[in-house]
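For reference, TrEMBL has these:
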BINDING   138, 141, 142  heme c binding site
SIGNAL    1-21  signal peptide
Ligand code: HEC
């Protein structure tokens, strides 16, 4: 059961990564895309560690703290209402900016919780559940605010 959940999150993260096509991005769009890419890399690192049952506590904490930092910057990174190609952002972001920022806030909160749990040597079910919360925010936000390519 646990393995199913973990691999479900991993699949979602991989699918997000497979869609990466941000060559040619500049300015605000590049900053956002690079940040999302960094988040995806750290999610993969954590997902691999949880699946293998050998997540290094310090590495897990550091990765989750990086994710939290990027999530905390999201509202600022999306301040400029641009969807210049190759951006995959949907213009509705700027009509529902509070909700968009709230989802980013949920990711930040879950990532900080994960960092604390990982550093404190929490049980794998606890870590899996928090990792699932983190992953849930990716899909929640992408579903409404990112164009699937
Ligand atoms: C609050 C909204 C939000 C959250 C939360 C969020 N994303 Fe994104 N993500 C976006 C938007 C919007 C884009 C498209 C940005 C653009 O192209 O301008 C995007 C793009 C991406 C991309 C593509 C980047 C590229 O170079 O093309 C990846 C990968 C990604 N997100 C991974 C993740 C992962 C993994 C998570 C969760 C840990 C996550 N995102 C959480 C909104 C979000």
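One is the number of the first residue shown, and numbering goes on along the chain from there.
Using N, Cα and C of the backbone, Cβ positions are placed for all residues, glycine too.
Automatic prediction, not curation, is the source of TrEMBL annotations.
These figures come from a predicted structure and were not determined experimentally.
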Other C-beta atoms that fall within 10 angstroms of the C-beta of residue 142 (heme c binding site): 19
Residue 141 (heme c binding site) CB neighbourhood, other CB atoms within 10 A: 20
Neighbouring C-beta atoms (10 Å sphere around the C-beta of residue 138 (heme c binding site)): 21
For residue 142 (heme c binding site): DSSP state (helix, strand, coil): helix
